[in-house]
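Report on one structure; see the data block that follows.
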Amino acid sequence: MKNSTADKGSPGQEQQAAGVGILLQIMMLVLSFVVGHVLRRHKFYYLPEASASLLIGLIVGGLANISDTETSIRAWFNFHEEFFFLFLLPPIIFQSGFSLSPKPFFSNFGAIVTFAILGTFMASVVTGVLVYLGGLMYLMYRLPFVECLMFGALISATDPVTVLSIFQELGTDMNLYALVFGESVLNDAMAISLYRTMSLVRSNDPSGQNIVMVIVRFLETFVGSMSADIDNLQNLECCLFVLFPYFSYMLAEGLSLSGIVSILFTGIVMKHYTYSNLSENSQRFVSAFFHLISSLAETFIFIYMGFDIAMEKHSWSHLGFILFSILFIAVARAANVFSCAYLVNLVRPAYRQIPLKHQKALCYSGLRGAMAFALALQSVHDLQEGHGQIIFTATTAIVVLTVLLIGGSTGTMLEALQVVGDGHDAHLGEGFEGNNGYVPTACDEDGTPGNKFRMKLSEFRKSAASFSELDRNYLTPFFTSQNGDDEDEEEDDLMPSSRRGGFRGL
């Protein structure tokens, strides 16, 4: 029997192995960036950057799996979901909010919240119920009802990094981009909140009184996190500017709130108020810094996903669970998008309604990615009797399928729906009137007197306009060193500066 010292090896050997592991990770990152650049340069949309990174991880993991170095390589890539949530996810979400041009996002905020909250809840419940019914009918492996709802929650987290990058390259309609981007960010927070709530229900087996507390806890987790960034309106220098988003994220997580929602709105508020207080050199530094770490984090996530999918032991004996889960997810996504779009269009005037082709594009954009993967990885520890392993296997299969197939066919889909090129023709200051009219103009009367609900919406829009005046005339001059926003500079940033979100000039 070998002692523990012999198993571990000498400190020199461990250091050498760690160095080789880090070198391998750096090589894969470099290869991913080079391949992504070549693909972008040649406009090869059938293999987006995220898909290329996933494939690189799959290939390296597959080679390691058949080699004698599997154990040591697995140790090099020792990855926990806590590392994802605490270190990789925050810079991506902050960069999304920081580089966001607020007009198309907030002009469609009502629709975004409808898709991200009501739609995600609907998709989670529909998926969970269908998976449970499929188990009852012996179409797939049977899971307890609460675990089916947990699976529905985690698999409803969309991550359209691939789709958004192609939207950026092809110049898709800005309103459609804002809907897909906004839904994906808030959808992540909603999926995490639903998953944690269902996990709490499973562990506590709540009575009627406790169910009320679970609902209150869910609302506290999701909504309460928006107030976690109230102290970030300060004149910060570079180091504090870099550290404060993490403070906001960790504060929200420490209070059991949603760090994703907190750091997203922290990015939006800091860009609006704090950024202009920095010197020019500091502004260039923080912009480049967050763009850099966001790109590195995104690429590493997809590389690791591919590597871990190839290296992990999967439960492929339940193929029926995987196949029917894919079918049920497609049904739930369609129910989510088309029903929520119907509700949004009910309260919008005709010229501001979401057209059917945009609804189809939004439905097609529901890729599953890093968030679903991380939650599925967590479910392996949360669920016993191999149920977590079944969910993890199904999730990884769905992630690979959606990223490679749907991501690679996005360009063809956009051309078929005839939504390519619209984004180049619109200007934020013009209200998008010629671009399907999502963004409200100064006159927003629909000619239907007596509709009290729409009158309330009109009053709400007037209140929003009043807040815009308050912000422009008082808040911005007070919190910044400038007398108002440089709107011309903001309106130059139309499309995302990173693959996940935000807007940059074209």
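Even glycines carry a Cβ here, placed using N, Cα and C.
For 484-494, the entry in TrEMBL reads compositional bias 'Acidic residues'. Under the heading domain 'Cation/H+ exchanger transmembrane', TrEMBL lists 32-415. Summarising the annotation, TrEMBL assigns region 'Disordered' to 477-506. Summarising the annotation, TrEMBL assigns transmembrane segment to 20-39, 45-63, 83-100, 112-133, 145-168, 246-273, 285-307, 319-341, 361-380, 386-407.
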Which of 20-39, 145-168, 246-273, 285-307 has the most Cβ pairs closer than 8 Å to the transmembrane segment (319-341)? 145-168
Closest-packing stretch to the transmembrane segment (386-407), where packing means Cβ pairs under 8 Å, from 45-63, 83-100, 145-168, 285-307: 145-168
Ranked by Cβ pairs within a distance under 8 Å of the transmembrane segment (361-380), the first of 83-100, 145-168, 285-307 is 145-168
If you count every Cβ pair below 8 Å, which range out of 45-63, 83-100, 145-168, 285-307 shares the most with the transmembrane segment (20-39)? 45-63
Sequence-remote contacts (6 or more beyond its ends) of the transmembrane segment (145-168), Cβ cut-off under 8 Å? 45, 48-51, 120, 123-129, 131-132, 135, 176-177, 180-181, 183-184, 187-188, 191-192, 194-195, 197-199, 201-202, 298, 302, 325, 329, 332, 336, 364-372, 375-376, 379, 382-383, 387, 391, 394-395, 398, 403, 406-407, 410-411, 414, 423, 495-496, 499-501
